[in-house]
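Trainee: Checked TrEMBL, it gives:
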BINDING   143, 419, 423, 462, 463, 544  Zn(2+) binding site
BINDING   143, 250, 252, 414  Mg(2+) binding site
ACT_SITE  187  active site, phosphoserine intermediate
């Protein structure tokens, strides 16, 4: 057949395809002719050979390294698909808000923590980022409220598994507290950083590092003055004020309105004659006579003895011997009232609980001075009509006065007696004051519920103390109780101690054999508010610690607190969130003054 094909017509093409031949006529004008020719015997044998080869190849392939590799790759691929079903990722790489988890068999002891972790994870995944403008800003300062104070305060009030009101805020960070000349700060310099965005020297209020402590002459140079966020808020037309449990002229609030080289210049009596002759004003006078103090809508705290000369000393309201006591015949409270009457502005002056309860919040200005010195500790205060209000009561009253401002408000709230108790070595009193601030924050969140989306709330501290949490006390043990016995001398020691402290805290005794040893704390009432915790180093009083402090935030731009920051960063976040200070809205007048190089 092959020879016939070869001898065929020249118009016929021949193609060989394996064991068969394909013929096509190119000359057939009716569509052509296809002819298949094959040798049947040869085709059958070849097919058997191919089947045998294929069978052998499959067996060899199943045993090959390539097949094993394919199996491994396939298993990995399937595993990745399963993981993808557990936690799904969107195209931008963000975890979705819906989480599926494997239902593993766990003991009850494990399950409680897995469920707790899942609940917290779901909560974290749904935290919104609020980028709105902050119409209102509320800044809480727990004076001396370091990390150990917070932990101990949480256990004291809510137990190991509880939370303080601000610990549910969605954003937080840490603040470094050093000053320009000290590793461990004081409240004046840290307040200047928090409120003015500029670090300064130890012991100075509202001036930059170009002013040394006590240098009146340099402080008169206004280029060294540090404007506070309160001043920026006033320029933006917002209501402003502060509330404190300390004197209104004390170190922390003073940095909101005063520019002085010495924090102790709260009144005339502590100022040197040279400074007075040069023209330096004490903090009390700056509060009442100068801006921005003069324009503040709310001022609440203690410190009558710094504003009024010759105040009466009573057991219920003693003179603070640690502070300035005016001698120049001043009555700055009456001067404040006269200023408001002259300007035909509505005002109220408050002196006790009754005045605060009956406050007409429609008043534009409120001055509440409730004590000669600091306010009484919360557990000791007189709650009758003639007594002193709590931090919570002052805070909620201040908010009711300020929230009527159409352009919003800026309020600072200081739990100042936390620090005072720590200085005395009274850990329980300090934690009681921390608890009172917890109440004030919780009440604020509740009162501002409808305005939280436009209210930036920040809770932080100016510095820490040397409070330490020691040993291995059992869970549920009183935070003021004994941790364990010392392995060195066998004498018990308490969970809370201080690194430094006054003579009452350095508790060393000599026994009948003449041996010196630490006093056994179980001989004293450890739950007493005035029990002095034992200290490692004796000084005149418990002094500050230099560790970082936490900052918690919720509301507009709260997410800007996210890592370890300088404490001066707080003022810049507030400025940006509220569009005040350097981040103020532009205007034609502002642009004109900026062009001339003048402030506006």
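Using the three backbone atoms N, Cα and C, a Cβ is placed for every residue, glycine included.
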Trainee: May I ask which of the recorded positions 187, 250, 252, 414 is closest to residue 423 (Zn(2+) binding site) if we compare their C-alpha atoms?
Mentor: 187
Trainee: Given the binding-site residues 250, 544, which one's Cβ is surrounded by the fewest other Cβ atoms within 10 Å?
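Mentor: Among the binding-site residues 250, 544, the lowest count of other Cβ atoms within 10 Å belongs to 544.
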Trainee: So for residue 463 (Zn(2+) binding site), how many other CB atoms are inside 10 Å of its CB?
Mentor: 27
Trainee: Let's check the environment of residue 423 (Zn(2+) binding site): how many other CB atoms sit within 10 Å of its CB?
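Mentor: Step by step: centre on the Cβ of residue 423 (Zn(2+) binding site), count other Cβ atoms within 10 Å, giving 19.
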Trainee: List the residues in the vicinity of the Mg(2+) site, defined as same-chain residues other than 143, 250, 252, 414 with C-beta within 8 angstroms of the site's C-beta centre.
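Mentor: For the Mg(2+) site, the extra neighbours are 141, 187, 191, 244, 245, 246, 251, 253, 416, 419, 462.
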Trainee: Run through the Cβ atoms and count how many others sit within 10 Å of the one on residue 143 (Zn(2+) binding site).
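Mentor: Neighbour count, Cβ to Cβ under the 10 Å cut-off: 27.
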Trainee: Just checking: which of 187, 250, 252, 414 have a Cα that is within 10 Å of the Cα of residue 143 (Zn(2+) binding site), counting only these recorded positions?
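Mentor: Passing the 10 Å Cα cut: 187, 252, 414.
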Trainee: Whole-number Å distance between the CA of residue 544 (Zn(2+) binding site) and the CA of residue 414 (Mg(2+) binding site)?
Mentor: 17
Trainee: Checking your reading of the structure: which of the binding-site residues 250, 252, 414 lie inside a 10 Å Cα sphere centred on residue 463 (Zn(2+) binding site)?
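Mentor: Among 250, 252, 414, not one has a Cα sitting within 10 Å of that of residue 463 (Zn(2+) binding site).
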Trainee: Which of these recorded positions is closest to residue 252 (Mg(2+) binding site) if you go by CA atoms: 187, 419, 462?
Mentor: 187
Trainee: For residue 419 (Zn(2+) binding site) and residue 187 (active site, phosphoserine intermediate), what Cα-Cα distance in Å is obtained after rounding to a whole number?
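Mentor: Rounded to the nearest whole number, the Cα-Cα distance is 9 Å.
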Trainee: With an 8 Å cut-off on Cβ-Cβ distance and a minimum sequence separation of at least 6, pull the same-chain contacts of residue 462 (Zn(2+) binding site), or say none.
Mentor: 141, 143, 144, 177, 185, 187, 190, 191, 194, 252, 549, 567
